[in-house]
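As written in Swiss-Prot, here are the features:
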BINDING   C742, C745, C780, C783  Zn(2+) 1 binding site
BINDING   C835, H837, C854, C859  Zn(2+) 4 binding site
REPEAT    60-102  repeat 'WD 1'
REPEAT    113-157  repeat 'WD 2'
REPEAT    185-224  repeat 'WD 3'
REPEAT    226-264  repeat 'WD 4'
REPEAT    268-309  repeat 'WD 5'
REPEAT    399-441  repeat 'WD 6'
ZN_FING   740-786  zinc finger
ZN_FING   787-868  zinc finger
Amino acid sequence: MSGSKPDILWAPHHVDRFVVGDSELSLYHIESAASPGSELKAGSLRLSEETIATLLAINSDTPYMKCVAWYPKYDPECLLAVGQANGRVVLTSLGQDHNSKCKDLIGKEFVPKHARQCNTLAWNPLDSNWLAAGLDKHRADFSVLIWDISSKYTPEVAVPTEKVRLAPGDSETCSVVTKPLYELGQNDACLSLCWLPRDQKLLLAGMHRNLAIFDLRNTNQKIFVNTKAAQGVTVDPHFHDRVASFFEGQVAIWDLRKFEKPVLTLTEQPKPLTKVAWCPTRTGLLATLTRDSNIIRLYDMQHTPTPIGDETEPTIIERSVQPCDNYIASFAWHPTSQNRMVVVTPNRSMSDFTVFERISLAWSPTTSLMWACSRQLYECTEEGKGSSSLDQDIATKMRLRALSRYGLDTEQVWRNHMLAGNDDPQLKSLWYTLHFMKQYAEDIDQKSSGNKGSLVYAGIKAITKSSVGTTESFRHSWTCSDRQADIVHYSSEERWLALQLCGWRTKGADADMGPFLNSLEQEGEWERAAAIALFNRDIRRAIQILNKGASTGKGNLNLNVVAMALSGYTDEKNSLWREMCSTLRLQLNNPYLCVMFAFLTSEPGLYDGVLYENSMAVRDRVAFACLFLNDSQLSRYIDKLTNEMKEAGNLEGILLTGLTKDGVDLIESYVDRTGDVQTASYCMLQGSPSDVLKDERVQYWIESYRNLLDAWRFWHKRAEFDIHRSKLDPSSKPLAQVFVSCNFCGKSISYSCSSVPHQGRGFSQYGVSGSPTKSKFTSCPGCRKPLPRCALCLINMGNPVSSSPGASKSDEKVDLSKEKKVAKFNNWFTWCHNCRHGGHAGHMLSWFKDHSECPVSACSCKCMQLDTTGNLVPAENVQP
């Protein structure tokens, strides 16, 4: 290393010691600093804010150093081999106390026949007496010499006495060895060396134009590959078959199991490389250094599964680090500290540097959060109040709702809100609206020959606009009351339908509110029931409901006060009753109690106190408007309320917009606000098939929800959703993805075998129906060639079989007696897309439960391993 840049070596068995060598060898001890700003002791260097290095010893007795290697065993602990410019290898030490064994080795020299530069040294990690040296080319000598350091002094004529270098001390104890244990690599230069850890007799050498693996058990043979990347060969300590080497600005990664070509080539900067080194504490992390650079480039080789037989390069994540501002002469990884290295500059300035680990974050579909940093794996857990926030996350809600089959009840549609937890008023309003729409659309379609049922799904906004010009006004008196004042009501067929959608009316022309009010009383909605009774001119029933609500165990005492106030109602404008009710209204918290007084104290046609009470349910406000507003007032109010619902994304507004484009706009605002693509998908599928389902937004919500179910591994739930979707929207039924055709004539077997031609695309048609009345198709209907045989039972495909090849014939008869429209899954055709072998699905499943290879003899295809999802199981039954 004389006249060259310094290099660093860590002690193999002392993680706090390292050597820096150039023209001399310096041994340092690294330790933690007392404090960042403390003064340094004499002979100490600050490497970082946390560490300092103290000089322990210096050895300047070995000039013309070109390479250094540290003895791999613990004893002797500070024995080093130094390769010199004349090809000699000298054993030396760093001023430590030595036992007799070490004293016999120190100063020992290993001299080649012909002098030339020693480029590299490598101790055998298993048999530590073997030391390999790589020399420059000589036409009459070998370039790879393996010395046995335990060899005795055997002087030869070829080594003149005056040329033998003696180490300091008694010359009688010094020795020179000139006979190497092995000589390899004739007529070529050796640039780098390393022993292969898997076998102590294998040596990898980077020669001038090739990489060669020498087996010391048979030195006449070698494995080699031609390449220019012969410098700096180094074995990955975590993967002994992976080797790195370099040439100029390129790094080659080799797999010794397939040594014909590099598995990966890394192109560096235009400047030539000076060093590459594998990280000893991290798998697949390679560091490289270029000449005259202050940057160390890191290559993180990711281990990703690839299909069998694919020759794909490993995924590489590249990054650069800058340990210091000056040019870096060399670096060395710390042998035990994670991602830690020491770098040295040409002027011997050193720095202790830690490469901060990339944090890999993983957020599972079930909201579990984990991340990896260094050798640690962390999991984020919720404690205390945090768990409630997780429960409120929409993803958690959608997952729980999917488990409860939310949205799939198409008969009693209103029950879906109960499957969602019955804790969201907007969802309750939505599903009741969809229930009423379905109910009355079917009722209208049965009574009329036209397509008026679709008007129901268009919403109340469209319904009320169609009633313009047909509305009649009536003056009605209070029911069961002596009041003389009349109230103006508006009525039409369309307004009646709107009241039905709001839930205020039932089927037929009967206007009896009794059942509806009774249901509200059962749910404890006393205030709402009383208000609706009052709006329908039944003040006596309203008072009775309030008194009944006040008498219950959890009744509100304000109900009695309101009931007493209602009993004194008078239509005189300047009465004391109106003045007191206006004051009382401001003191009430319940919106329905407030609107009752607002209604009674309002002028005819001026009901803003009721219509714009935002705490009141939208369906009740709309129903009230349909009763008491004329056509122009109703149209303006519905338009204004619809726009408010669309902007807020309030699901109660579906009553107004229906499942139209306005409804899609409203749902879009709702999804933007909540992320609930589940409700959006089921909602838009409820309506009769229309162009709305072709809207890109609707399709996006549906596909997003399907992807969510797949991510949760709810494959059965996703299949149920697809079936539900195809029933409500037949146009969404996908076309066949696979069909069976004859190898001889090319005609589709599925079309010919199907009893219903237009159903021939279904995959289930590839089996045999369970009905005993159907024919068995064991040959192609087109050319009469026999169908392939099952690889296990050897029966032609098309024959019904039992679930296992060894089952009795009686089992087959029992199976055939079951009348089904589609073939059982066990009878379906199935085959490997790689080797094309297959058979009955039931037999294949049974075989691959215990085997990984194809059941066909002489076929080594790993059929089951080709399916990356084969080992995954559904998670429908796993609670979050």
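Just so you know, glycine gets a Cβ as well, placed from its N, Cα and C.
Structural mapping of features recorded in Swiss-Prot.
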residue	record	contacts (Cβ under 8 Å, 6+ apart)
C742	Zn(2+) 1 binding site	S748, I749, C780, G782, C783, K785
C745	Zn(2+) 1 binding site	C780, G782, C783, K785
C835	Zn(2+) 4 binding site	C854, V856, C859, C861, C863
H837	Zn(2+) 4 binding site	A791, W831, C854, P855, V856, C859, C861, C863
Item to check | Which listed residue (C783, C854) has most other Cβ within 10 Å, given these are binding-site residues | outcome: C854
Checklist entry - Taking the centroid of the Cβ atoms of C835, H837, C854, C859 as the Zn(2+) 4 site, which other residues of that chain lie with their Cβ within 8 Å of it, listed in sequence order? => result A791, C832, N834, R836, E853, P855, V856, C861, C863
Next on the checklist: Just to verify: the residue among C780, C859 with the fewest other Cβ atoms within 10 Å, which of the binding-site residues is it?
Outcome noted: C859
Checklist entry - Which residues, in sequence order, are found in the same chain with Cβ within 8 Å of the centroid defined by the Cβ atoms of C742, C745, C780, C783 at the Zn(2+) 1 site, excluding those residues themselves? => result N743, F744, G746, K747, I749, P781, G782, R784, K785
Next on the checklist: Across the repeat 'WD 4' (226-264), what does the mean pLDDT come to, as a whole number?
Outcome noted: 93
